[in-house]
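Inspection log for the structure reproduced underneath, given as structure tokens.
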Amino acid sequence: MPVTINNFNYNDPIDNNNIIMMEPPFARGTGRYYKAFKITDRIWIIPERYTFGYKPEDFNKSSGIFNRDVCEYYDPDYLNTNDKKNIFLQTMIKLFNRIKSKPLGEKLLEMIINGIPYLGDRRVPLEEFNTNIASVTVNKLISNPGEVERKKGIFANLIIFGPGPVLNENETIDIGIQNHFASREGFGGIMQMKFCPEYVSVFNNVQENKGASIFNRRGYFSDPALILMHELIHVLHGLYGIKVDDLPIVPNEKKFFMQSTDAIQAEELYTFGGQDPSIITPSTDKSIYDKVLQNFRGIVDRLNKVLVCISDPNININIYKNKFKDKYKFVEDSEGKYSIDVESFDKLYKSLMFGFTETNIAENYKIKTRASYFSDSLPPVKIKNLLDNEIYTIEEGFNISDKDMEKEYRGQNKAINKQAYEEISKEHLAVYKIQMCKSVKAPGICIDVDNEDLFFIADKNSFSDDLSKNERIEYNTQSNYIENDFPINELILDTDLISKIELPSENTESLTDFNVDVPVYEKQPAIKKIFTDENTIFQYLYSQTFPLDIRDISLTSSFDDALLFSNKVYSFFSMDYIKTANKVVEAGLFAGWVKQIVNDFVIEANKSNTMDKIADISLIVPYIGLALNVGNETAKGNFENAFEIAGASILLEFIPELLIPVVGAFLLESYIDNKNKIIKTIDNALTKRNEKWSDMYGLIVAQWLSTVNTQFYTIKEGMYKALNYQAQALEEIIKYRYNIYSEKEKSNINIDFNDINSKLNEGINQAIDNINNFINGCSVSYLMKKMIPLAVEKLLDFDNTLKKNLLNYIDENKLYLIGSAEYEKSKVNKYLKTIMPFDLSIYTNDTILIEMFNKYNSEILNNIILNLRYKDNNLIDLSGYGAKVEVYDGVELNDKNQFKLTSSANSKIRVTQNQNIIFNSVFLDFSVSFWIRIPKYKNDGIQNYIHNEYTIINCMKNNSGWKISIRGNRIIWTLIDINGKTKSVFFEYNIREDISEYINRWFFVTITNNLNNAKIYINGKLESNTDIKDIREVIANGEIIFKLDGDIDRTQFIWMKYFSIFNTELSQSNIEERYKIQSYSEYLKDFWGNPLMYNKEYYMFNAGNKNSYIKLKKDSPVGEILTRSKYNQNSKYINYRDLYIGEKFIIRRKSNSQSINDDIVRKEDYIYLDFFNLNQEWRVYTYKYFKKEEEKLFLAPISDSDEFYNTIQIKEYDEQPTYSCQLLFKKDEESTDEIGLIGIHRFYESGIVFEEYKDYFCISKWYLKEVKRKPYNLKLGCNWQFIPKDEGWTE
């Protein structure tokens, strides 16, 4: 139902309905009432400071602070007048309207409004509702003229206060009673929030947006609407009783350079979303899921038993039962009994936990947010006036398009939108610091380091060791995997999540049971003093700064001198640079000196060395050791040599203690004389084995992200600061030198200080790209070399034990496995002979780390210099070289990385490669690969098709370069040297085959070049080779144009995907590997190579009998096999079989099919196979009791007859790239009995005149045995492909 946001002024009179005097839960019957405003149903705002659990002196800044991991701002005068309270109220109304302005936000509000707490908690008997509970009811004071004041109870879902003592600390507070929380136990309870919209956090953007403008790594201030929505997600979790506040990530504080901070709850990681939930292991994910499911079952049990509301006899039991059924998405049978529908629960759970997240909302609202919950927070800023639409609007927030603020989130950028905020007074700012004091060399020198800047390293006790537990495996053991994703579009469009039942009355009897736990807040000391002789990253950063009151500074290469003397700044750049920077020049030489030193700065900052695969890192930034003293003193002097010896470990301040448990054993349940259950137990053990591998990998990734990658992140932050400090010192030196000249001398100096700043920032941006690549590569290298092998070692031990136990289990039960024991042993041996490969993208969605992992994991990708991929309705370069990609309007894109080029003038893609790539004479050693789909020729245009050539990709400069073109059934690769000499190599496919492997079908093209040869590989196999020894230098353009250019038909088009260029000649094995990787997918494909879809019409194609098709036999419920007609005009070119012939089948999803978020058919899905006949949907069945090896399939209208089976499992045909699949009939999804495979068989028929045999659409037990005997026999008649009608094939 539509959400209505109410409007108020603070001075509006109390009406006892929308404006009331409320006694909040923590007032505990003291008679402290607050003026409260109902901003929308069940949500109240109290424009007062949140004081519960605090002392009055807590509201003043002192030597102590509350949370040790943030900057805290105090102002005891905030909200101390009615005018200030009115501004707060109006601002909150505006923020709620901003939330409501988009469907996603309105749905969030709808679910909060309708997520009313259960009328009771764990103390209430099962058969009762009870409203006299502090987590359900609050009191309001009703006061009318001439009447005695009286209390009345009301139901509320959320009460929002102003802030507590700290203005920039926003928090959602749930209500505990005797140390139990309804918000965590399925019931849900009233939620409270302390919130301040004006003072917002600031974060930076060091890691993101390669190649973006120089402003893009400045500080960004948060959008208060997003801050509020973050808290509202906590509220939503609390109202549904799924708040996860008992699974902390605990910081390790063993060293003085580690953050001292409160534990981070899993609730925060789920609420933030993005990459952060990756820190929660898969087994923990599952335990949380199971706990919520168990709690919801408890609610079901209560609803089925509740008979009365003892605290309020006016409560209509049935109305509330119906409301709670709707809230929890329970189902009700004909007898009125409630139960949980697992699919509905699964959808609700995932929408709450993985759909509503800060990162999803930020993307939907186009708001800039932090990269991670762990991102550093900078001191907050005060937004000047959120009510001013020139500063902040309901539709766009700060990023107002009319003010050109929407690009790159300019409206949130501190450097750009300065009119939106003001810096806060340092007088009221408290920051928790570590004071590091030197006891030698520079005695008495202490530096203050903000706690936020220290290393966050999680303690190993933060992670569950559930993997070490033994597990019983039975025939019905369920999967533990929880897919932690919920597409945002599905969340917006899913009407099932919207309540269709009106809210019950909010009025009830007054609350008299004030049993509630009020949190008590204790202060912490603000500064911790440490004496140390270690020189850490923090001392080195401090040595690169200078006091603001000192202007005459100089650079030094001595770290100790920089600590001792405040006018000296440590520099890690070369001595030549330091000497030039410190050089004093005459006024006439000043401009030239400035130009030189600024250029030198850019050169120094961008120094990097390409290493020959040392420690799996191809790029190293050599000055990191000198800049931050990472590693140790010996590494500092020769960082590259030390790195070569020790690898990425040298960068870590703290080598983490890893939790890598011994994997617990499987206990296999025995079943007497039950073959099906025994086989199902074996299958479940093998499936659970994969889950153990996945869970172990997930545990390792969780520890890596929170113990290793956090250290590398701090190093990146440190290098960003170091480069900025170097730039600030240089700018100060330049300004000081300039200012000592006379006015006359200055007038003759032509210099632009803004230009200096711009060039320095540009140099820093370029350097940060190198640093990010280097540090990210080190982090992934540490994961792959130091962590994953330890996990694999434990997993292989587990596999060996499992294999032994399974083989013994088969031997013990061979009496019941007659005819199957050897096959089951073979299956176990095959399954356990290979390790499960590690894929980082399964465990985190951090695209930067995944990209680095992919580069690490493939020798090929380390040489890739252009890699076009789809993202957000555009093509981007994922090679890391940042090519500029312009996609014109006439190009069609889709999210399968495919793009379509037509003959239209604006159907074009322009790729401008990074100028850092040296691309001259590249033909001496380079490769190009891509997938292509070329449509079928037109029958009446065959001559043009054969003879006309058109270019599809062009990379030419001054008539030299390379191009790819098509002429008929030829793909042609052409090289042209600087003298105009041309060499070509081509691949030609046959168009006279009955069924072509290439026409309109995706195939993989790889072209390689070296000094001697140019080669073309198709689908991984070498097809053509040409000598190019006599060709000279080729100068290729840095610009690549994708466009159909030449003598072409106006309807001509092609499809392409996965275009890549490599700066090496790929080997045969490289190409085969790449073909196999890019061919693989989790879903099945149709005849053309596109995803196989549910609810789409297909003609069925038998790969073993290509010229056959299926037709419903007249007056008979069977499918006869007929021969495809042949098209041939006595042409030497045209010869093909019709594909669009026979019945058009439709794959329908069976209820428990895996793929529930889209219409793609995945491997092992359970399906129905249907088709339309006489405008009625028919289905493919098999008789339950057929006795022969083969039986004709029964084709009939859909029915519930128990004579037939209709459950089909659609399986991948082959491990190798293929578009074929097999259709396996089973009794049902739980059964291990394989009834037979769908295929073609010749049946004997007795005719009137003579006997004959005829082929029919059948189910076959023979195919089952043959597939096991020869699993990859291409000619088997049980291998099927599905042909949809396509614009690229006309008949």
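Note that Cβ sites are derived from N, Cα and C of the backbone, with glycine treated the same way.
What Swiss-Prot records for His230, His234, Glu268 is Zn(2+) binding site. The number of other Cβ atoms within 10 Å of the Cβ belonging to Glu268 (Zn(2+) binding site), over all protein chains shown, comes to 18.
With a cut-off of 8 Å between CB atoms and residues at least 6 apart in sequence, the same chain places Asn170, Glu171, Thr172, Met193, Phe195 near Glu231 (active site), listed in sequence order. Residues or ranges marked as active site in Swiss-Prot (evidence: sequence analysis): Glu231.
As annotated by Swiss-Prot, region 'Translocation domain (TD)' applies to 442-857, with the evidence given as similarity to another entry.
On the 0 to 100 pLDDT scale, the region 'Belt' (481-532) averages 79 in the predicted structure. Annotated region 'Belt' per Swiss-Prot: 481-532, in sequence order.
Residues or ranges marked as region 'N-terminus of receptor binding domain (N-RBD)' by Swiss-Prot on the basis of similarity to another entry: 858-1079.
Here Swiss-Prot flags Asn1025, Glu1189, Glu1190 as ganglioside GT1b (d18:1(4E)) binding site. The Cβ of Asn1025 (ganglioside GT1b (d18:1(4E)) binding site) lies under 8 Å from the Cβ of Val985, Asn1013, Ala1014, Lys1015, Ile1016, each of which sits 6+ residues away along the same chain. Under DSSP, Asn1025 (ganglioside GT1b (d18:1(4E)) binding site) is assigned to a strand (E or B) in the three-state scheme.
As annotated by Swiss-Prot, region 'C-terminus of receptor binding domain (C-RBD)' applies to 1080-1291.
Mapped onto three states, the DSSP output places Ile1240 (D-galactose binding site) in strand. The D-galactose binding site annotation in Swiss-Prot covers Ile1240, His1241 and rests on experimental evidence.
What Swiss-Prot lists as motif 'Host ganglioside-binding motif' is 1260-1263. Through the fold, the motif 'Host ganglioside-binding motif' (1260-1263) approaches residues 1189-1190, 1235-1239, 1241, 1276-1278 of its own chain, all at least 6 residues removed from its boundaries and within a Cβ separation under 8 Å.
Mapped onto DSSP helix, strand and coil, the motif 'Host ganglioside-binding motif' (1260-1263) counts 3 helix, 1 strand, 0 coil. Take the Cα of Glu1189 (ganglioside GT1b (d18:1(4E)) binding site) and measure to each of the binding-site residues His230, His234, Glu268, Ile1240, His1241: the nearest one is His1241.
When the binding-site residues His230, Glu268, Glu1190 are ranked by how far their Cα is from the Cα of Ile1240 (D-galactose binding site), Glu1190 comes first. The local packing around Glu1189 (ganglioside GT1b (d18:1(4E)) binding site), expressed as other Cβ atoms within 10 Å of its Cβ over all shown chains, amounts to 15. The binding-site residues close to His1241 (D-galactose binding site), defined as a CA atom within 10 A of its CA, are Glu1190 out of His230, His234, Glu268, Glu1190. On the backbone, the CA of Glu1190 (ganglioside GT1b (d18:1(4E)) binding site) and the CA of His230 (Zn(2+) binding site) stand 60 Å apart. The Zn(2+) site is defined by His230, His234, Glu268, and by the 8 Å test on Cβ atoms against their centroid, the other residues of the chain that qualify are Thr172, Glu231, Ile233, Glu267, Thr271, Phe272, Glu358.
Under the three-state DSSP scheme, His234 (Zn(2+) binding site) falls in the helix class. Counting every protein chain shown, 23 other Cβ atoms lie within 10 Å of the Cβ of His230 (Zn(2+) binding site).
Ranking the binding-site residues His234, Glu1190, Ile1240, His1241 by how many other Cβ atoms lie within 10 angstroms of each Cβ puts Glu1190 at the bottom.
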